[in-house]
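The active site, proton acceptor annotation in TrEMBL covers Lys60, Tyr287. Annotated substrate binding site per TrEMBL: Arg158, Met335, in sequence order. Annotation source TrEMBL lists domain 'Alanine racemase C-terminal' at 266-393. Residues annotated as N6-(pyridoxal phosphate)lysine in TrEMBL: Lys60. The region 'Disordered' annotation in TrEMBL covers 1-23.
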Amino acid sequence: MSRPPGHLHVPAAPDGDPARLPSPAAVGRPSRILVDLDAIAANHRAIADHVRVPVMAIVKANAYGHGLVPVTRHLEAAGATRLGVAFVEEGIALRQAGVTLPILVMGGIFGPQVAQFIVHDLELTVSSLSKLGQVEEAARTLGRRARVHLKIDTGMERIGVHAASAGALVEAAVRSPWCETVGVYSHLACADDPDSPMTALQLERFLEACAHFDRLGAPMPLRHLANSGGVLHFPGTWLDMVRPGILLYGVLPDPASRPVVALRPALSLVSQVVYFKVVRAGSTVGYGATWTAASDTRVVTVPVGYGDGWPRALSSRGEVLIRGRRHPLAGRVCMDQFMVDIGAHSAWNEDEVVLVGRQGPEAISVEDVARCAGTIPYEILVQLNERIPREYRGGADSAH
Ligand SMILES: *Cc1c(COP(=O)(O)O)cnc(C)c1O
């Protein structure tokens, strides 16, 4: 094999003694998720410069697949001031990693978990009078005030008190000796679509709910409404703070999004050719024999599958880059591997395969993969699981 060594060069074992071999962890899989932490910090800064209000960086779902703790520590070092996650466990993981920024848990709360929020100094989402009561009771028991954001439902019908009946909740929160109301917020249902009339309606309902603070003569807490779509398309929704998630990672929420902020994609997914073969005309490839070679062709196998979160929906539809060219997947994506038809082109074992990212003149974006798989970029990112190691570039504390 006279190919130049790949990025994982395994030294020959001189005597077969396993102790002399590099550990499997050191060799790793040939597949890697490369995360450019500096791109995430640059995207955060670009968004902040664009909106000119504080940014709550959304790092739920393993920082959209990029790695919760490394991404958040880097954002904290880069000057982020607030964080948002979905579940209390995500907030606790960040506290245990030493993150000290304010963290809002945006999901609904369960009574038995409330004490966990308070002892870990996590901000709670309070969406009804009964939830407020649970928070007050836990805070009283612990002798510590809870920091809360009131959640107003303005059209998602998910969690949140309906805007029209928010008055009683606002009043109870303002009067509560055990709750400090840090924020009031809602969530946009249609902000990815710049032309949707839904957003203006939601903004109107939200501001009506916020007016209860003025009515009561109470200080206005942080009003926040805009997700990534709001940041891109609806300046009126920026208010006192924005909550971008997917934009931080350099990915647009929707093919119709207007890229009004310059962003850098932070994630690449690379692997290597593990097998090469010639497939004769008429032979079928993969489970179900769904793909048939029209003529003699060359097929390579790549060791990534739906068990890693690489969508099975890409079967015979997706593309990857090998030697700077796009090549189509042949047959079904298996749990641990998939096959690629490289036609008359050549490839060698250990050649780099780019599933997401750049190679030579070509690039495949997360948005491309999502379109091909018939889903949204969010789902592609978050389903990439821990079976593929993440490798971090940039940042003071880069780690493997
Ligand atoms: C996930 C989430 C966000 C971020 O959404 P993006 O579309 O990724 O910007 C903001 N707010 C809430 C309540 C969320 O659940």
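Cβ coordinates come from backbone N, Cα and C, glycine included.
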Candidates Lys60, Arg158: member of the recorded positions with the richest Cβ shell (10 Å):
Lys60
Can you check how the pLDDT averages out over the domain 'Alanine racemase C-terminal' (266-393)?
98
Counting by DSSP secondary structure, give me helix, strand and coil numbers for the domain 'Alanine racemase C-terminal' (266-393).
24 helix, 52 strand, 52 coil
Measuring Cα to Cα, how many Å separate Met335 (substrate binding site) from Tyr287 (active site, proton acceptor)?
11
Around the C-beta of Met335 (substrate binding site), how many further C-beta atoms are within 10 angstroms, looking at every protein chain?
12
Whole-number Å distance between the CA of Arg158 (substrate binding site) and the CA of Lys60 (active site, proton acceptor)?
17
Would you mind reading off the Cα separation of Lys60 (active site, proton acceptor) from Tyr287 (active site, proton acceptor), to the nearest angstrom?
35
